[in-house]
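Colleague: Quick paste from Swiss-Prot:
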BINDING   Asn103, Asp202, Glu462, Glu538, Tyr539, Ala540, His541, Asn605, Trp1000  substrate binding site
BINDING   Asp202, Phe602, Asn605  Na(+) binding site
SITE      His358  site 'Transition state stabilizer'
SITE      His392  site 'Transition state stabilizer'
BINDING   Glu417, His419, Glu462  Mg(2+) 1 binding site
ACT_SITE  Glu462  active site, proton donor
ACT_SITE  Glu538  active site, nucleophile
BINDING   Asn598  Mg(2+) 2 binding site
Amino acid sequence: MTMITDSLAVVLQRRDWENPGVTQLNRLAAHPPFASWRNSEEARTNRPSQQLRSLNGEWQFVWFPAPEAVPESWLECDLPDADTVVVPSNWQMHGYDAPIYTNVTYPITVNPPFVPTENPTGCYSLTFNVDESWLQEGQTRIIFDGVNSAFHLWCNGRWVGYGQDSRLLSEFDLSAFLRAGENRLAVMVLRWSDGSYLEDQDMWRMSGIFRDVSLLHKPTTQISDFHVATLFNDDFSRAVLEAEVQMYGELRDELRVTVSLWQGETQVASGTAPFGGEIIDERGGYADRVTLGLNVENPKLWSAEIPNIYRAVVELHTADGTLIEAEACDVGFREVRIENGLLLLNGKPLLIRGVNRHEHHPLHGQVMDEQTMVQDILLMKQNNFNAVRCSHYPNHPLWYTLCDRYGLYVVDEANIETHGMVPMNRLTDDPRWLPAMSERVTRMVQRDRNHPSVIIWSLGNESGHGANHDALYRWIKSVDPSRPVQYEGGGADTSATDIICPMYARVDEDQPFPAVPKWSIKKWLSLPGEMRPLILCEYAHAMGNSLGGFAKYWQAFRQYPRLQGGFVWDLVDQSLIKYDENGNPWSAYGGDFGDTPNDRQFCMNGLVFADRTPHPALTEAKHQQQFFQFRLSGRTIEVTSEYLFRHSDNELLHWTVALDGKPLASGEVPLDVAPQGKQVIELPELPRLESTGQLWLTVHVVQPNATAWSEAGHISAWQQWRLAENLSVTLPSAPHAIPQLTTSETDFCIELDNKRWQFNRQSGFLSQMWIGDKKQLLTPLRDQFTRAPLDNDIGVSEATRIDPNAWVERWKAAGHYQAEAALLQCTADTLADAVLITTVHAWQHQGKTLFISRKTYRIDGSGQMAITVDVEVASDTPHPARIGLTCQLAQVAERVNWLGLGPQENYPDRLTAACFDRWDLPLSDMYTPYVFPSENGLRCGTRELNYGPHQWRGDFQFNISRYSQQQLMETSHRHLLHAEEGTWLNIDGFHMGIGGDDSWSPSVSAEFQLSAGRYHYQLVWCQK
């Protein structure tokens, strides 16, 4: 044990937080979570242990601008100005100091290992009682599951120890410091330490005791570590549970270890042995360790599909059976290996349907409770995710237990990222930083290796490739050969990774960056000598309105066996709740707390909002990742299961044939599909169609019974096919009255019954419509070629740092946003049964023509206005965002009804999850409330739109809301938007894709760009 004087002044003088060689003082060795049961039945059933006591709750807290400002008296008693805060928490979420959001740039001046003298310091204290029985025998430990970023600990005025690495536990022996009755803890937490240079993750930088604190009482002679592993024969019909147990204390001949394996109430196997292992070298073996092997016949295998859980109970007792203590853990029988270029689980190649997940809560910062963790797991399971990467640090210990039990594959990642270093491997190639890196990797493995859900270890994130990585890779492979190791840094395919694990590599496009080229994922597989599997550690950057092109990845994953999936970036938007002057909550991002440096809204890349409300993109991910695939041939549907281990036993296939959204026939068939098997379903003959319209077949896979992660009726998969467009003859309608044209110096006015249309002869636009005496338009109907930029359109552009390659900057530079219409033609003609208005506009900027738009408006006796639009795009202008029409309608109706793709927002490169049907939603649901306002709410493939008294027909895309594109473009936060008068309608003949391979470079695939020189579309606008 390190002995340091109790004086605060001496501790401050040592400056342990600026010494990379000091990662801890007096911290106990890492191990799996302990509870020290004194009853084996309680250990088996995982009941609360009387030896494990939570210290969560209200603590006294004082904040200081630097550790030197802390008075010595604080070690002995609470300060008069102390506040009360809840532990666990981040102090920034209680109004102390400010959270800082930055992605790459360090929030402090880069001068490792030194940190600023202005180093915000939180002083926590707690008074608690200890029963004398805990002091008479045994060892009392204190466990801090997470403290950011470093801390010194005192107990009853005496210095105990020091710890850093904010994402792993720090555990200390308090036995020598405690007294019976009242005791006082004092914890001095520093915001910055040399460890901060290894924690440069893309996240909010927060501080404090943000995970659980607990006391644990262990006997003097105790279990100090145990490790379980599962071994199999070739066909997995027999297994061995291998348990290695280590003890601490007096080694007596009478000591025994019993390991029992349970499945529910049934004991499957048991074994007992004294301590002492096999001979290791010429000096012998470990006297304080023992390894037992338990044979298990026909084990029920663990997988994310069927997470069969056993329970292993480890008992330390005397030869006569007197129990000293018991520890326990969940066990999953499973094998992970790489063979022939494939990552295998239980002998079958995995397809990773993964997502990255930060520990984030909009109200509580980085504090995770069980409810939030379960909510995240249910979201993943319900949306067909089977894997999660703990980006970029070990998670709360409970997370892994929940993943074991619900069934998720976990990449457990060390708390190492040096993204802001130049070069990035400046620290990871420096032997002075090897001790700190070693602690972060080895202690993660020692804590989490008993969890079956952990199938891959990760050495960290974005830290270049250094010799320290190679050393730690070899250590893991030596200590735990049962799992692969991955690491992306240095090019994603270095000697420190068993898996090619690039981030944001594209399907077909190479990105030949210097030193670390990012090949297309297809090309990577074919590089000479390369035989590793490829799993993208990050892909499909889900920032704002994104995830375009997601289907392209999944087509490749299913086509090439060694492309074994990836992890979407990421699950949850990292916005935080702030309150305005009236106490109303709003969502904040980088810079909103006065934090500098900051990376603005780049913290919001989630498939769900911070409150876990889904983004529309989540449905696209769910659909592409679904475990059932479908093929239609005539009236035969072939259903293929992508489950590797699960026979469908809770699925019904519902099918519906509908004509323009009106069901004609339907049925349901139970699915009985073996793992990786097929089922063929024959549909009945369909009735002869008498009506015109689009005929669609839709299938849904429904779970009739609830599961651990879904309610009854959950839809797990779906597909839709367009069967035909019925073109039966429509009888001519009766003759109508002929609309009347009136021409004035300023307008063309067309009247029919109680309707009027007015075209301004100076602008050439439809300037007004009347139904009776009610005006229908607040702004004219005009061309629209722009959109409120998406995050993907903006890229890395900022007001002070323009990226000329970003779509929005190209559009701005070309004048798309500033273009004005020059009228070239505006004529009116009376036909035999209609009035025809013809207009031609040149959309210009600074004398240059960007677009020419030719439109005809044919208003006939039925009151229909048929609009035909032809647009020419200048060859030297950037591809436009959209080609369409926009206006502000006077009405605000409650609901929107349309026949087209829905119900969720969809875009040309993100619409595979949308279904063609007749949809009806509240107007408010047509707007997607992205925290950073942008273009949103598009619905593609629309044949008919009904809103208020109006109907539009054709083949178009539309969005409709109370917010104009201009307001969306000019507003920084959604809570600052105000509902405008009337309703804004955008009808597009064509709309560019949204992209999403990443959010910092143009990523819209060529096939979804508006690259043609001419465009033609048409629609009919009438009143119902």
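Counting begins at 1 with the first residue displayed.
Quick reminder: no glycine exception, Cβ is built from N, Cα and C everywhere.
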Colleague: Listing them in sequence order, which of the binding-site residues Glu417, His419, Asn605 have their Cα within 10 Å of that of His541 (substrate binding site)?
Modeller: Asn605
Colleague: What other residues of this chain sit with their CB within 8 A of the center of the CB atoms of Glu417, His419, Glu462, the recorded Mg(2+) 1 site?
Modeller: Val104, Asp200, Gln201, Asp202, His392, Thr418, Gly420, Met424, Gly460, Asn461, Ser463, Gly489
Colleague: Pick out which of the binding-site residues Tyr539, Phe602, Trp1000 has the most other Cβ atoms within 10 Å of its own Cβ.
Modeller: Tyr539
Colleague: Other than Asp202, Phe602, Asn605, which residues of the chain come within 8 Å of the Na(+) site, judged by Cβ distance to the Cβ centroid of those residues?
Modeller: Asn103, Met543, Trp569, Asp570, Gln574, Asp599, Cys603, Met604
Colleague: Round to a whole number and give the Cα-to-Cα distance in Å for the pair the residue listed as 'active site, nucleophile' and His419 (Mg(2+) 1 binding site).
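Modeller: Between the Cα atoms of the residue listed as 'active site, nucleophile' and His419 (Mg(2+) 1 binding site), the distance comes to 15 Å.
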Colleague: Return the member of Asn103, His392, Tyr539, Asn605 nearest to the residue listed as 'Mg(2+) 2 binding site' in space, with distance defined Cα to Cα and candidates limited to these recorded positions.
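Modeller: Comparing Cα positions, the closest of these recorded positions turns out to be Asn103.
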Colleague: Measuring Cα to Cα, how many angstrom lie between His392 (site 'Transition state stabilizer') and Asp202 (Na(+) binding site)?
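Modeller: For His392 (site 'Transition state stabilizer') versus Asp202 (Na(+) binding site), the Cα atoms are 9 Å apart.
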Colleague: Same-chain residues six or more away whose CB lies under 8 A from the CB of Asp202 (Na(+) binding site)?
Modeller: Asn103, Val104, His392, His419, Phe602, Cys603
Colleague: List nothing but the largest Cα to Cα distance in Å, as a whole number, among the residues Asn103, Asp202, Glu462, Glu538, Tyr539, Ala540, His541, Asn605, Trp1000 that the record says bind substrate.
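Modeller: Maximum Cα-Cα distance: 18 Å.
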Colleague: What's the CA-CA gap between Glu462 (substrate binding site) and Glu417 (Mg(2+) 1 binding site) in angstrom, rounded?
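Modeller: That separation, Cα to Cα, works out to 6 Å.
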Colleague: Quick one: of Glu417, Glu462, Glu538, which of the recorded positions has the smallest count of other CB atoms within 10 A?
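Modeller: Output over recorded positions Glu417, Glu462, Glu538: least Cβ neighbours within 10 Å is Glu462.
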Colleague: As a test of the contact definition, list every same-chain residue at least 6 positions from Asn605 (Na(+) binding site) whose Cβ is closer than 8 Å to its Cβ.
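Modeller: Same-chain residues close to Asn605 (Na(+) binding site) (Cβ under 8 Å, separated by 6 or more) are His541, Ala542, Met543, Trp569, Asp570, Asp573, Gln574, Ser999.
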Colleague: Would you identify the secondary structure of Phe602 (Na(+) binding site) according to DSSP, in three states?
Modeller: helix
